[in-house]
């Protein structure tokens with residue numbers, strides 16, 4: 001119980017959820033042990049079987065960067081899939097994990113089988129060992145939602161910009177006008193806070209069209225940097 | 001005068017004393033008047049001075065050096081009296097009989113085993129002892145450097161080391177760059193310990209500035225008169241200045257690096273680039289990188305992988321195409337390096353980064369950056385995967401903004417070949433209204449002449465051996481004609497579609513509808529709409545919005561609203577722009593019923609319409625003749 005709980009706490013950032021699922025998991029593990037007739041089943045194998053308990057054999061992993069714990073700012077889902085080539089992943093098998101100020105902290109990956117997970121390990125080593133791959137539980141995967149390339153982050157919006165100004169900035173683009181979300185972020189070295197606004201689009205193509213045409217154009221005299229959130 | 005009279009008088013005395021001598025004056029000239037002055041005491045003739053003390057090479061010549069025991073008079077020299085360490089006692093006795101090369105070997109051993117105390121005491125003892133010719137031992141510069149190194153390791157600070165370096169001159173030994181390097185090392189160590197302190201006090205700040213000043217002064221002295229600084233000196237000094245965050249002197253010294261032909265080490269190179277980026281000077285970073293590349297010694301320096309990413313990010317954020325290109329070059333070098341090592345490491349650049357580079361190239365009109373980013377993308381993908389359609393679109397955008405229309409169409413060709421028949425392709429991918437809009441603008445840049453040129457080129461391509469028949473490309477031409485209000489050309493192009501063997505798609509019909517609508521030929525526009533419906537093509541959201549626009553140009557909000565009703569029935573949602581346009585037309589024509597309908601629609605679809613205050617400003621200008 002403690003081993004599983006400590007593992008989960010180390011990996012995730014949502015302690016309340018994990019505690020609940022850890023307790024459930026531990027009950028399952030203990031009952032499994034009691035029910036098994038083999039005398040030599042130790043905790044390790046029951047832990048492994050717990051991870052693979054999802055019915056369709058899917059294995060979940062989390063990829064983090066080795067340096068500064070961050071992945072590249074410009075990484076796309078397809079880039080990650082390309083890194084893990086041979087693991088038979090599709091676009092929907094990857095979810096990017098952003099923190100509150102939209103830094104990319106990691107990626108959750110759904111592998112179709114254990115062998116593709118091993119292959120993922122091998123590929124990451126081949127590609128220079130820049131990333132770490134850890135196994136996680138399915139619950140983490142289910143909780144996380146993905147932007148799917150349909151959201152764009154606008155950085156550097158002036159603080160006195162209203163929604164009208166933002167809509168004027170994005171004129172000509174097909175966006176979802178109810179979806180503006182604003183966040184303030186402080187850069188690490190100089191403590192000048194900047195305002196960040198996230199906006200969603202109906203399709204991925206709309207988002208990339210907005211990025212192509214509007215990146216570094218001006219909103220109230222300030223040039224705005226844009227990023228597509230995967 | 002008195003003397004004269006005295007003299008004249010005196011002979012009167014003389015005859016009384018001396019009985020027989022007649023006094024006769026000898027000189028015929030009058031006697032010289034002599035002022036009574038104190039005559040300077042004649043100095044005894046000074047003997048020629050002796051030649052100076054011929055023995056040089058040791059300050060101990062000034063003292064009693066013939067006795068091998070260290071005396072208190074050794075305080076005259078700056079070298080401290082060696083302490084009496086029992087273990088080194090026999091060493092000292094041993095060293096007494098060694099000569100210079102022997103001592104060098106001994107010290108080499110000591111350095112290898114890091115016996116700094118021994119080096120120190122043996123050295124101090126040795127210089128006081130006599131060599132085989134009976135003169136005090138004279139160290140040379142390397143030996144002295146060993147001694148300095150020992151002092152440094154034992155914790156002497158920079159001031160003490162500097163004093164010792166000056167003491168070298170008493171030994172008539174010229175310090176070389178290595179000696180000063182040891183002083184710099186002491187300074188660096190001190191700065192690091194100051195930096196590592198928990199909190200900054202005013203003391204440590206002032207000490208830091210004092211350190212920096214001392215370093216710069218010493219380095220300037222070295223440049224001006226002393227031994228020329230070598231690689232180590234440059235690296236240490238620049239590293240120290242960077243750590244102390246004094247960037248301007250660091251920059252001046254960096255400029256000198258290529259001049260003196262010195263090589264920077266990897267850590268200092270990384271540190272320089274890092275601080276140039278952090279202090280918001282991308283142009284300085286660019287010039288620094290250029291200078292390093294130009295110098296033969298430094299051109300193989302490459303920053304770390306993460307630092308390359310940082311350089312790229314700063315370049316994209318500040319739209320600095322040169323810096324972006326330099327970062328791409330670094331990435332290329334890393335990839336090559338990775339492929340040469342065994343086991344092979346396949347590094348790759350993120351496609352997102354290449355796409356951002358393409359965006360910067362289109363904004364800064366830099367075709368070198370465009371080519372470079374595409375190359376590195378291809379290299380990273382290693383033919384295992386095609387680039388994303390969005391990346392192709394960014395490349396088209398870049399070529400279009402540079403005005404290279406032909407290359408843009410070639411890229412469109414590649415995109416079509418890759419993604420036209422793929423599943424999950426968004427049909428809007430080839431729409432000239434949104435995705436290919438930059439290409440349309442590029443086509444009609446010079447009006448009808450460029451449009452004609454493009455059309456003829458496309459015609460030629462469609463009749464080449466490998467025919468390139470692209471409806472998307474022709475749609476761009478069609479929309480271009482519509483954009484320049486050239487209805488005749490647009491219609492002709494539309495009819496030529498069949499001739500060229502392509503079938504019009506929904507985008508072609510949209511473009512034609514747009515052309516008619518703009519010229520207020522509303523009935524023809526509606527005919528186009530009915531035609532396409534009757535053929536079986538499905539109208540898309542653009543079709544409906546163009547139709548609404550056509551009616552509004554005709555000043556007919558009621559028909560526009562009818563179109564919106566049809567649209568809603570077909571499952572599309574009216575957009576805010578559409579409703580605002582209709583509302584504007586209604587308010588201009590004071591058509592209140594239609595206006596009510598518009599408001600209902602806005603409420604139903606939850607569209608926040610906003611007001612028209614900014615547009616009304618133009619109508620609410622207050623003209624007055626007052627000045």
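Note: Cβ is positioned from N, Cα and C throughout, glycine not excepted.
Because TrEMBL annotations are produced automatically, they should be read as predictions rather than curated entries.
Quick caveat, the model's predicted, so the values are computed rather than measured.
Under the heading region 'Disordered', TrEMBL lists B:28-66. Sequence annotations record features per position, and here TrEMBL assigns compositional bias 'Low complexity' to B:29-38. Here TrEMBL flags B:39-54 as compositional bias 'Pro residues'. Per TrEMBL, the feature repeat 'PPR' maps to B:505-539, B:540-574.
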The repeat 'PPR' (B:540-574) - residue tally per DSSP class, helix then strand then coil:
27 helix, 0 strand, 8 coil
Looking only at residues six or more beyond either end of the repeat 'PPR' (B:505-539), which have a C-beta under 8 A from one in the stretch?
427, 430-433, 471-472, 474-475, 478-479, 481-482, 485, 487, 490-491, 494, 497, 546-547, 549-551, 553-554, 556, 570
Mean pLDDT, the repeat 'PPR' (B:540-574)?
92
Determine how many residues of the repeat 'PPR' (B:505-539) DSSP places in helix, in strand and in coil.
27 helix, 0 strand, 8 coil
